[in-house]
Each structure stands twice: as structure tokens, then as C-alpha cells.
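TrEMBL lists Cys24-Cys30, Cys136-Cys197, Cys143-Cys149, Cys160-Cys175, Cys170-Cys216, Cys199-Cys204, Cys226-Cys298, Cys233-Cys239, Cys250-Cys268, Cys260-Cys322, Cys300-Cys310 with the feature disulfide bond. Residues annotated as domain 'GDNF/GAS1' in TrEMBL: 17-94, 136-216, 226-322. Residues or ranges marked as N-linked glycosylation site by TrEMBL: Asn332, Asn389.
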Amino acid sequence: DEMLRSLAGPPPVPVDCVRATELCAAESGCSSRYRTLRQCLAGRDRNTLLANRECQLALGVLQESPLERCRCKRGMKKELQCLQIYWSIHLGLAEGEEFYEASPYEPVTSRLSDIFRLASIFSGMDPATTSKSNHCLDAAKACNLNDNCKRLRSGYISTCSRELSATEPCSRRKCHKALRQFFDRVPGEFTFRLLFCSCKDPACAERRRQTIVPSCSYEDKEKPNCLDLRGACRADHLCRSRLADFHTNCQATFQSLTNCPGDNFQACLGSYAGLIGFDITPNYVDASTTSITISPWCSCKGSGNMEEECEKFLRDFTENPCLRNAIQAFGNGTDVNLAPKNPNPAVTVLPKVEKSPVLPDDVNDSNTAYDTSVISTCTSLQEQGLKPNQSKEQSLCYSQAQLTTDVMPDQKTFTDPKAGSSRQRESRILLLIPVLIPALGL
């Protein structure tokens with residue numbers, strides 16, 4: 001089979017859907033059949049499509065044209081137009097509302113080596129800085145040293161923190177738009193560090209949770225049903241595309257070392273970031289330092305006979321070993337390097353962990369200020385000229401010493417009863433193997 005495939009040559013490279021329609025329009029046969037097919041699919045009645053001869057002929061032409069294989073590039077100039085073309089075709093060809101939909105985006109083939117290496121520099125792997133460094137605060141300072149990152153980050157924080165009235169704390173629509181612009185236009189070396197920074201204390205973890213200003217972009221008065229949230233997302237071409245991309249790249253598989261499709265951490269982390277700025281935006285559910293739990297703001301209450309499907313959808317976020325491993329690997333500065341055709345691939349720690357460069361102490365941090373000594377919203381709110389919420393201040397303005405001695409006097413860190421599950425232990429052992437082998441001299 002491999003010989004036949006090599007003789008046949010590589011598969012044709014897909015073109016973007018905007019270009020595919022241009023190529024189709026240049027050929028009279030394809031153009032007329034494409035218009036026919038659009039009419040056939042207008043009502044999304046698959047039975048009509050299968051029964052009608054004209055629709056069948058149009059479908060046959062489509063399957064031999066660039067349109068059938070077209071994909072879109074994330075962040076391309078005409079991304080929305082490209083996605084509209086993609087779904088206008090593929091929704092009609094799908095078997096109804098599929099639980100998992102294929103991503104309309106071109107696959108991510110490159111690795112995150114450089115970005116993971118950068119993360120390792122600030123990951124606290126240097127014992128001299130481990131106990132003192134708040135890596136999420138460091139990530140915010142690094143963003144402020146980059147003009148583009150600082151401008152767009154300050155923009156979404158200002159938009160998401162602006163109170164409209166006593167009953168409307170912010171404009172969620174504008175907040176989401178500003179967040180999408182930030183994560184689409186700022187390189188991953190900055191956005192990934194803000195979202196996936198490693199934390200060893202609650203102050204750092206709470207800063208990480210507050211990265212997207214959850215009081216506006218994430219939380220709401222009541223949690224909607226997760227299937228209703230998914231349905232609303234699928235009604236929008238862009239949101240539907242990002243959700244399909246997340247399922248394609250983060251769907252847990254136990255046939256790979258990392259539990260990720262193709263052992264590709266970059267694809268999973270990128271598709272996760274692509275969901276931020278929609279109603280289905282995911283976030284950390286708490287400031288735990290011992291377990292990573294991600295969820296959109298929804299529940300399965302009131303699902304009726306769809307409860308099983310709802311729980312399955314929610315578990316793709318809350319109990320997803322691929323997503324969890326990718327986040328932990330980034331925070332630890334480790335990427336996956338796989339040798340071609342290696343039956344036993346291994347997770348490899350990237351070479352040479354460099355000492356973290358000293359960031360200026362006077363760099364202004366425009367995000368909610370959870371620094372290394374105090375979990376506090378007070379400082380940043382005062383910097384931005386905003387009125388602090390007294391109830392939030394009372395619950396958040398505690399020092400780390402208070403959190404570890406007053407709340408849990410006998411423990412230095414928070415613990416999670418689920419943290420000792422066999423699946424998590426196996427994932428951690430796998431990720432530690434490359435570190436242990438050199439140390440043992442094997």
C-alpha cells in the first residue's frame with residue numbers, strides 16, 4: 001500500500017475556498033453545477049439531494065473540483081467569506097447534525113518548539129527562581145514590552161472592564177470582539193504564555209484565570225444549557241468553525257503518547273485560543289494549582305433525554321487529557337518531537353533551559369493585578385480609574401501566606417481528590433520519562 005501511495009504521488013494541496021470558487025467560476029461546467037448544487041442544498045434536505053438527478057450530477061462535479069477539498073487559513077484576509085463558502089457546501093453533504101465536525105481550517109503541521117522553549121525559560125525550572133516567580137505576571141510584563149501585544153491587550157481589558165450601567169457591568173459583545181482581535185493578531189509566543197503559564201501558587205493561578213476578564217467575557221448571571229450554547233455557536237459560521245477546529249485538534253485519543261491527535265500540542269492549544277471571544281469561551285473553573293479544569297460557562301441541567309450527549313460535550317473540556325497535557329507541557333516548556341516512522345515515539349524536553357531574564361520592576365501591568373505576594377484586584381482597578389467591587393475585594397485580597405496558613409494550616413498547596421487518578425499519573429509519568437533518562441545516565 002505504501003508503495004502504491006508513493007507512486008501515486010502526494011495528495012493534492014487544498015486551496016482556500018475563496019480561491020476555489022474563483023477557479024470554479026472560470027469553468028462553465030463547474031460554475032453552472034455549483035449554482036445548481038447551492039440551490040439543491042438551500043433547504044438542507046439531504047433526501048432531496050440524493051433523489052434529484054440534477055443534484056446528483058452537480059454533486060459529482062463538485063467532488064472532482066477544488067471546492068470539495070477547499071479549506072481556510074486561520075486569520076486570512078477573507079476568513080469569514082471563506083468559511084461561509086465551506087459551510088454552504090459541507091453542511092449539505094453532512095449526515096445531519098454530527099456530534100463532531102471536521103475542521104474547515106488547514107491542518108497545523110509545524111511544531112511549537114521555539115514557543116515551548118521560550119516558555120521553559122520562564123517556567124520556573126530554575127530552582128533559584130521557582131519559589132519567587134509568578135510566571136503569569138511575567139507573561140503580562142513580557143506582553144507589555146511588545147507594542148502590538150500591549151496595545152491590543154490594554155484595549156480588550158479596557159473594553160471588558162468598562163461599566164455601562166448599574167445593571168449592565170460591560171458590553172459583552174464588544175468585549176468578545178476585542179478578545180478575538182487580541183488572540184488573532186498577537187503571536188502565540190505572547191498569548192500562549194498568558195493563557196497557559198505554569199503556576200505553583202493560588203495568586204498565579206488566579207491571575208491566569210483572570211486573563212480574559214471573566215466577569216465580562218465568560219461569566220453570566222445564569223449558566224445556559226451546554227447544548228443550547230453549542231447550538232447557538234453552530235448558527236454562526238465563525239464560531240462553528242472554531243468549535244469544529246477544537247474538536248478536530250483536541251479530541252482525546254488513547255492511541256497516541258500525549259492523548260492528542262498526531263501528538264500535536266500546537267494544534268490543540270491554538271484551537272483552544274480560537275474559541276475565546278465567543279459565547280462558548282472556555283476558561284479555568286478555579287485557581288487550583290494541582291489540577292487543570294477547563295469549561296465553557298454552561299451546565300447540563302435541563303437536558304432531558306439529551307443529557308448523555310450534553311455530558312459528553314462538556315467532558316470534552318472538563319475531562320480532556322489531550323488539552324490538559326498540552327497546557328501542562330507548555331507550562332513546563334516541553335514539546336513533542338517525534339522521529340519519522342518511530343513505533344515508540346517519546347516526549348522530548350527541549351535542550352538547554354536558560355535562566356529567566358530579569359524583567360523591569362516598573363513595567364506597568366494593565367491586567368487585574370494578582371502579583372506574587374497578594375491576590376488583589378484593588379491595585380489594577382485603581383490604576384485604571386475603575387471603582388472596585390467591595391465584595392470581590394473582600395474575597396480576593398488575601399496574601400499567599402493567609403491562603404496557605406489560615407485557610408489550610410497544615411498544607412502548603414491546594415489538593416484535588418481527582419489529582420491522583422490513574423490516567424493523570426500515567427500522563428505525568430510519560431512526560432517525565434525524557435527528564436529522568438538523562439538524570440539516570442541511561
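Glycine is treated like the rest: Cβ placed from N, Cα and C.
Structure with TrEMBL features highlighted.
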{"residue": "Cys24", "record": "disulfide bond", "Cβ within 10 Å": "21"}
{"residue": "Cys143", "record": "disulfide bond", "Cβ within 10 Å": "25"}
{"residue": "Cys170", "record": "disulfide bond", "Cβ within 10 Å": "17"}
{"residue": "Cys197", "record": "disulfide bond", "Cβ within 10 Å": "26"}
{"residue": "Cys204", "record": "disulfide bond", "Cβ within 10 Å": "27"}
{"residue": "Cys233", "record": "disulfide bond", "Cβ within 10 Å": "20"}
{"residue": "Cys250", "record": "disulfide bond", "Cβ within 10 Å": "29"}
{"residue": "Cys268", "record": "disulfide bond", "Cβ within 10 Å": "30"}
{"residue": "Cys310", "record": "disulfide bond", "Cβ within 10 Å": "22"}
{"residue": "Cys322", "record": "disulfide bond", "Cβ within 10 Å": "25"}
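Counting residues per DSSP class in helix, strand and coil order gives 61 helix, 0 strand, 20 coil for the domain 'GDNF/GAS1' (136-216). Nearest in space to Cys136 (disulfide bond), taking C-alpha to C-alpha distance over the disulfide-bonded residues Cys30, Cys204, Cys250, Cys298, Cys300, is Cys204. Separating the Cα atoms of Cys260 (disulfide bond) and Cys250 (disulfide bond) is a whole-number distance of 6 Å. In sequence order, Cys143, Val186, Pro187, Phe190, Thr191 constitute the residues six or more apart from Cys149 (disulfide bond) in its chain with CB-CB distances below 8 Å. Nearest by CA distance to Cys197 (disulfide bond), out of the disulfide-bonded residues Cys24, Cys239, Cys268, is Cys268. If you take the Cα of Cys160 (disulfide bond) and the Cα of Cys310 (disulfide bond), they are about 29 angstrom apart, rounded to a whole number. Ranked by Cα separation from Asn332 (N-linked glycosylation site), the disulfide-bonded residues Cys30, Cys170, Cys199, Cys310 are led by Cys199. Within 10 Å of Cys216 (disulfide bond), as judged by C-alpha distances, the disulfide-bonded residues found are Cys175; the full candidate list was Cys24, Cys175, Cys239, Cys300, Cys310. Cβ neighbour count within 10 Å across all protein chains ranks Cys136 highest among the disulfide-bonded residues Cys30, Cys136, Cys260, Cys300. Its Cβ placed at the centre, Cys199 (disulfide bond) has 22 other Cβ atoms within 10 Å. Cα separation, Cys310 (disulfide bond) to Cys226 (disulfide bond), rounded: 6 Å. Candidate disulfide-bonded residues: Cys175, Cys226, Cys233, Cys239, Cys268. Nearest to Cys300 (disulfide bond) by Cα distance: Cys226. The domain 'GDNF/GAS1' (226-322) scores a mean pLDDT of 93 in the predicted structure. Put simply, Cys239 is the one of the disulfide-bonded residues Cys170, Cys239, Cys322 whose Cα lies nearest to the Cα of Cys226 (disulfide bond).
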